[in-house]
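Everything on this sheet refers to the single structure shown next.
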There are 4 protein chains.
Amino acid sequence: MSTAIHGIIGYTITPFSANGENLDLPALGHSIDRLIESGAHAIAPLGSTGEGAYLSDHEWDQVAEFSLAHIAGRVPTVVSVSDLTTASAIRRARLAERLGADAVMVLPTAYWKLSEAEVLQHYRAIGDSIGVPIMLYNNPATSGTDMSVELILRIVKTVENVTMVKESTGDIQRMHKLQVLGEGQVPFYNGCNPLALEAFVAGATGWCTAAANLIPALNLALYQAVQANDLERAKALFYQQLPLLDFILKGGLPATIKAGLALTGLPVGEPRRPVFGLNETGRMQLQALLDQLI
Amino acid sequence: MSTAIHGIIGYTITPFSANGENLDLPALGHSIDRLIESGAHAIAPLGSTGEGAYLSDHEWDQVAEFSLAHIAGRVPTVVSVSDLTTASAIRRARLAERLGADAVMVLPTAYWKLSEAEVLQHYRAIGDSIGVPIMLYNNPATSGTDMSVELILRIVKTVENVTMVKESTGDIQRMHKLQVLGEGQVPFYNGCNPLALEAFVAGATGWCTAAANLIPALNLALYQAVQANDLERAKALFYQQLPLLDFILKGGLPATIKAGLALTGLPVGEPRRPVFGLNETGRMQLQALLDQLI
Amino acid sequence: MSTAIHGIIGYTITPFSANGENLDLPALGHSIDRLIESGAHAIAPLGSTGEGAYLSDHEWDQVAEFSLAHIAGRVPTVVSVSDLTTASAIRRARLAERLGADAVMVLPTAYWKLSEAEVLQHYRAIGDSIGVPIMLYNNPATSGTDMSVELILRIVKTVENVTMVKESTGDIQRMHKLQVLGEGQVPFYNGCNPLALEAFVAGATGWCTAAANLIPALNLALYQAVQANDLERAKALFYQQLPLLDFILKGGLPATIKAGLALTGLPVGEPRRPVFGLNETGRMQLQALLDQLI
Amino acid sequence: MSTAIHGIIGYTITPFSANGENLDLPALGHSIDRLIESGAHAIAPLGSTGEGAYLSDHEWDQVAEFSLAHIAGRVPTVVSVSDLTTASAIRRARLAERLGADAVMVLPTAYWKLSEAEVLQHYRAIGDSIGVPIMLYNNPATSGTDMSVELILRIVKTVENVTMVKESTGDIQRMHKLQVLGEGQVPFYNGCNPLALEAFVAGATGWCTAAANLIPALNLALYQAVQANDLERAKALFYQQLPLLDFILKGGLPATIKAGLALTGLPVGEPRRPVFGLNETGRMQLQALLDQLI
């Protein structure tokens, strides 16, 4: 099923209790239901927006287990299993597979900068440990590792189950290069919200976005307009939602999406410290943006 | 007429004699005719591709005079008048206007980094000296000056005859910002060849390109597909010409366009030293690219 | 005692068993003894070189406990307690204090980029939780957070027990600024090995270095030459050890220091994956460098 | 004589009349006399501070002729002959040699980015055209060309009369590399004022500085303290003058040095537009800095 992942891939947040200490799994269930009911084509738990990096192993396991059980195959799932050590990423990948994930996503997070050989070996070791497809994820801003298109394609060629690429550098020319050097055979996904239109135009198979928590109808309509070859409509829809896409990028996804969920009736707590929640000014700006769109 | 500049704006090269010392104006005339006959919507002499920065004042004047006389109003013209001092840029702008240019282009080249106030004053002084419109040109890679979208719009608001913006940073989000903050009222033009498709999709009014010397039909077809709201066709046309667009960007426009003109029957000499002409390997690659396209 | 930390602050590695899975605490004890016996003025466990970021919480606690017990007050200690969440950094800081650390070091590691307010609050929350001094650590290459000198001094002024600053950007002008804006009252320490000489010349109080595991005599001699106001000798000593300092920086500290310890008779395993150990070519280069120096 | 260039190499400004249109050669003569009388070891006309890039060919020739005649061999001279085309740089270099320059300085300024082969050929062509030594000048911030240490040393090895290197990237590690890879045989000079102390400590032969127009005694004293192996004194002298060095770097050398000359009794006009002169606030800050130093 996972090779058919396409369209709008919605990212879940991870709700916490008011003091930030405990998980709020019922709220997570509500947010998942909202994504599915709004038409998201797939769901990605525990990604950057899901604060996967800020969870203890025990919490991570709980969120993975709950998310997959709650989604229950209603849409395909891509679980982010990234961690700093290869061993920990493998443990998470195996657990995600066992729990029924259709695919896993791997971002090569680094403390010590990684060589190309180290990155390749990281993917190979994870790939060899599981049977489900891997979505390779390139996002140097959060991971500290920038994979060139050439390296990405080398990994795709070398590790059999790396079959999808998520690109979040914000440089549209990377997608051109994936399309050209990959000879149109390597499905790539856009992870940079303000490039939503250009990425689809460049040939992206899907848009990985947390915006689907707030404005799913607009996200879907943009995708459909591109599918319908209606550039004018796609452009209009893009510019309509761009202010919100810019806002959530600049404000930080966990802070802004959590604030937006609260503003739309689903309180999910704040991000874990040191990351701040959205302040009062920000919430008012977000409310104004949402008022125009939904 | 100049506010109607749109579509494919073709850049001329400046032909030199074999030893690089003298101008070859007859060859310049041929290259201009080729551009016009192939359907270019406008012509821009003395730009980056035209090696305007490498000419003596006397040569610059000769090329301006010859170009405008030879074009003779067949298409609109935008003459690049950039120079390091404000006084010299004004002199060139006045000459271009006197010679009949429909508009002038100004890139704020810098040796000593310029403050925003200095850049604004540079445009104001030039604007006050002429009656034709100015196309503001942002290209930090060649000029050493990066103008933020906010600064650009401040200049547009302050200097009455700055009415067009050419953006060449390669960052498509700058065009989004021009579109959004300019409220769709500031026509912008794409100067980064590999962003040709995305720029039009983002709302660019035209594409400033030296590629029109070599593959004008493909450049025009891309523009027309976008005008016809045919995204699939635009995308196919874009990917068809992208390898050539990448090649001329990486190889340097004067070197590659001059080599391409020679390969297609119009010898125009080499770029002026220290810039090298395209070497034999490069010429073979270019020939292969052209063979596939024309 | 900690405010008197000065001179050569040696960083420990964290030895693993051959398969990388288990800690090798006896080897850690030997490496600590070597540092102390060679004259290091202070010891910093669990830093970047110590792979603190790659340890589980349980392992981290074991290494902290063992290190402090084994050092047993023979020299001052600065324990790196950095972690992605404020809560986890506080837990580690409290444990380090309870175990007898003279000071703790805090690097604001980030997944989501941190605002200045978030960084300040991170330090404040940790500072409020412990009674020992904090060495603020700026190293954007590993942490993803670059603190300006102005922000650093604001933190120093705001959080009472942030009393020392370790600077590792590699930009000597940051140290000038710390000296000037801090009015000579904020002790700063150099964390960029190839700047060892310049940092002391600029006024650094100490040099935080893993090189002391391999060439402690040269590290100490450089410090002493500066103390003796003998610039010529300091310069000669610096250029003598610079090739090794460059080598360990480029090769990655855990990989090169662990290889160097093995080459000098103390096997400590390899870094944890995805970080590779030094390959055979690298080990031969390192051996050659060491042969010239010790 | 030129291979013996060392110590403080003072840069001249180019005085203009009040409206900025004409040269003020008598004022240039006064500024040269001040530099020589204050003890500068050498003088460099027409450099970045001298606004060489903003002069017409005719003005450039006048300034070169006047400067060399006025210096009249009292100290060695290094004339900056940089220009965008190789042919123009050669013309200037030959003129400088004919006029008696001891050496010429060459910065590879670029509009179109230069390849390493193009940079090398630029230096070779100039070197082949003259008989005096060349000081290679690396300053990517103004030239748009960053030469790696490896490229610099390749040029030194290939072009016989490139015998000196001026480094202005602001990265002290470049100087370490010049010292190490050049095996101490390639004299290098510091062109980044705030690195004055570190550069000498790293082994720089001289300090190319426009500050000698304003605080020559302090510049010389710093050099002498280093020569006397008195690090403590060198450090104190460095931190004493650092605020002024930072000020002139941030404010732009032509603007700040011209303002400083006016404040100390020698009016020399303003920089040529688009570069602004120092504003009133800046002049007051500069006066305050000078009051503390002279």
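Our numbering is plain: 1 for the first residue shown, then up by one each step along the chain.
Backbone N, Cα and C define each Cβ position, glycine as well.
Because TrEMBL annotations are produced automatically, they should be read as predictions rather than curated entries.
Summarising the annotation, TrEMBL assigns pyruvate binding site to A:THR49. Residues annotated as active site, proton donor/acceptor in TrEMBL: A:TYR137. Among the features that TrEMBL reports, active site, schiff-base intermediate with substrate is placed at A:LYS166.
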### Summary
A:THR49 (pyruvate binding site) falls, by three-state DSSP, under coil
### Task
Determine the Cβ neighbour count for A:THR49 (pyruvate binding site): the number of other Cβ atoms within 10 Å of its Cβ.
28
### Task
State the count of C-beta atoms found within 10 angstroms of the C-beta of A:TYR137 (active site, proton donor/acceptor), not counting that atom itself.
27
### Message
Roughly how many Å lie between the Cα atoms of A:LYS166 (active site, schiff-base intermediate with substrate) and A:TYR137 (active site, proton donor/acceptor), rounded to a whole value?
### Response
5
### Task
Determine, to the nearest whole angstrom, how far the Cα atom of the residue listed as 'pyruvate binding site' is from the Cα atom of the residue listed as 'active site, proton donor/acceptor'.
14
### Query
How many neighbouring Cβ atoms, not counting its own, are there within 10 Å of the Cβ of the residue listed as 'active site, schiff-base intermediate with substrate'?
27
